[in-house]
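Accompanying notes for the structure given below.
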Amino acid sequence: MNILEFNNVTKQFGGLTAVGNVDFQVAKDSIFGLIGPNGAGKTTIFNLITGIYHVTEGEILFEGKRINGLQPYQIAQLGITRTFQNIRLFKKLTIYENILTACHENGNYGIFDAILRNGKYKKQERIMHEKTQTLMEIMGLEDRKDIIAANLPYGWQRRLEIARALASNPKLLLLDEPAAGMNPDETLKLMTLIHEIRKQFKVTMIVIEHHMDLIMGVCDKIMVLNFGQKLAEGTAQEIQENKKVIEAYLGEEEMHC
Amino acid sequence: MAGFMQQIINGLSIGSVYALMAVGYSLVYSIMNFSNFAHGGVIMIGAYIGFFLLAAYKMPFYVAFALAGAGAGLLALIIERVAYSPLRKRKAPFLYFIISAMGASIFLENIVIATIGPTFKTYPKVFSTQPITVGSLSVGRLDLIMFVISAISLAILIFVIEKTKIGMAIRGTAYSVRASALMGVNTDHVIMIVFGLGGLLGGIAGMLFGMKYTVYPQIGFITIKSFIAAVFGGLGSLPGAVIGSVLLGIIETLTSGYLSSQFRDLIAFALLIVVLIVRPMGLMGKFTEDKA
Amino acid sequence: MDWFYIQGILILAGINLLAVLGLSLLTGFTGLFSFGHAGFMAIGAYTTAIMSVKLHLPFIPSLMIGGLIAALVSLLIGKLTLNLKGDYFCIATLGLGEAIRLILDNVQYLGGARGWPGIPLKTTLLNVVIIDIIGIIILVNLIRSKHGRNMIAIREEEMASQIIGINVFRYKMISLMISAIYAGVAGGMLGHYLGFLQPKMFQIVKSTELTIIVIFGGLGSISGSVLGALVLTSLPEMLRTFAQWRLVVYGIAVIFIMISRPQGLMGGHEFSFHAVKKIISSMFYRKKQRGLGGR
């Protein structure tokens, strides 16, 4: 069963076509890789899925329902969330506050419940704090709880951003270059983390990445984009053997990492 | 019909003075992306300099114009150095610039009240009040001179921006501060020139405004209407500022001519709100899309 | 300085504080800047006065209606302008604040530009203090709830807030409406303290003054706003003998604060005994210090 479908989706900026007539399906519970040279339209696809950009033509289906045209927060509430290439944390808040904020959909109470601090407020807040605590433990962040997000090392900021995304219980998680700026050791840990997340949270993932080791290591299916067009699609092995892909992106001699 | 044409002529005259003020707001906005509310204070000081030169020192009016412009330009430069430049170095958010500008305008207004006094001052008569009549239309001499001086000043400004090397640096910096800096433009100098130019024109405008009406410390807040004109035309766009100002001037004179002069200011602010809702980038501004 | 005089200053500071608390929610916690809050104060002031003078309602219900009408107007304004980005929202609020004042200038029924004298003096130090305390409690409770956290998230990173499912427009609206209620009630109390209303009292300068206090206290700090309102209202009042020179100094001080200590008095932290204890203990034991995280 497909969780996400792109049907002939096109996005134009003025006269420039950033994504042209792209078609693909993402199977539920799979990890889908999105690769291609810089400017190929990978992040644009994420922006289209999350509603930050509006689709020029075509439609995007999530669990069989059309989502293009919805506001970003509505799409998020349906169960799609993401991380950003240039990390967008709540910089001045602590790790704990970052995750707690993102847990807002886990508890439900009104403004007046908050002002009166009644039983409902207390009960729902407890649920949100518990959820935050659990996430901190799973993501290995619990002993850094009170550190301000902006003061974290780069790799940990990326980890926190993933944790924050998971706080809203997504069905589909989009990771935009999660390994960018990481050393090989950290990249290896990230791969373990992605496998771990898949097992623990039963979430489908789409990953944009330039580290081929990571893409080939975690993805069930990979799509290659070039100049906003789909160049190829298939398993890791099929992609590595595809002539067009080697020519346009991977390089003749050997893949770069 | 003649009455209508008369209003249009009056509107053009006051609109051209607004334009002289509005380009000051727009020039600064085009480069630094914030609304320089201290500009009103600079205009007010220009008006006072002109008044004293004419009233106390009996200078010829063109000398007074030059000195009022120079004084106001210098003041604008000082404000930039003291109130904005430290913020710029720290890359502070735009609000800090606006607050700093508000501080500067509070300072300017009140130092005038404290030293000169809060009373209205009337300029000595430089031009005869005898209007020039053409057919059924009559134009006040002062109105005509206001229009001519504003038009000449604006023409010189446009020449500087379009045809000189300094102008090219200004246009480049307005397009992208970073890229211009990388291309070897000293953006710090450009910013100083922009403040100087804006202040210079503001000082001349202030003096014209004072000659037409009177001089008093709160003139600065009246000039906020020229800021509205700049928003109307599209903040950061010079042609926009000029067109917006002339239109605002005409709308204002028509309002006071056909409705009531009490609604004149209200119309200006209502126009601002309508523009922001319908077309926030103004008549000539460019629309930008957010990037993820 | 007799008690009557001090009491007067405290009442004015308390009224300012209420308006500042509202603006603190909007500016300090939601990251939106308004130069039109004097307009909401004006609406609250005139509505409250209409209720009590023309319709003979008691003071407290009049105040509540004043706050409510200010909130309704803010709802309308918010619908129209909250989608504007940064600078433009700020300019729109400035225009709206001035428009409200200019309309009042022309309503002869309410005294027009000449003003409206003879409003009963019902604001006392006691009811100002009580309303301020209620205002602070409501604000603190709101900030420490998921709703407050959502607003802070919008201040910190608007796009990320949307991505985690926060309805940014709705929360900006809620923040604007609550801040308008605070401003409206503050306006109502001001009219019933001075016994006189005039549109001139609600010029841009008033809006600027409120924003300056919020920034002076430190964005994102309620205790900073309280401290800022007390200091910045009472200081100029006490210097009244220096007449205009105090405003000259005020202008310089504003610039000085902006260029030297932009984080404000409290720098985004709250005053709490816990934090004080932590600071003192860190002075004695030179432990590796982590962020106080007092927010």
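Note: Cβ is positioned from N, Cα and C throughout, glycine not excepted.
Database features (TrEMBL):
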type	residues	note
TRANSMEM	B:12-30	transmembrane segment
TRANSMEM	B:37-55	transmembrane segment
TRANSMEM	B:61-82	transmembrane segment
TRANSMEM	B:94-116	transmembrane segment
TRANSMEM	B:144-161	transmembrane segment
TRANSMEM	B:190-215	transmembrane segment
TRANSMEM	B:227-251	transmembrane segment
TRANSMEM	B:263-282	transmembrane segment
Segment proximity, the transmembrane segment (B:94-116) to the transmembrane segment (B:190-215), 3 or more C-beta pairs under 8 Å: no
The transmembrane segment (B:37-55) versus listed stretches B:12-30, B:94-116, B:144-161, B:227-251, B:263-282: most Cβ pairs under 8 Å: B:94-116
Contacting positions for the transmembrane segment (B:12-30) when only residues 6+ beyond its ends and CB under 8 Å are counted: 36, 39, 42-43, 76, 139-140, 143-144, 146-147, 150-151, 153-154, 157, 170, 174, 194-195, 197-199, 201-202, 204-206, 208-209, 212, 223, 225-227, 229-230, 233, 235-238, 240-242, 244-250, 252-253
Sequence-remote partners of the transmembrane segment (B:94-116) [C-beta within less than 8 Å, at least six residues beyond its ends]: 32-42, 44-45, 48, 79, 83-84, 87, 217-218, 220
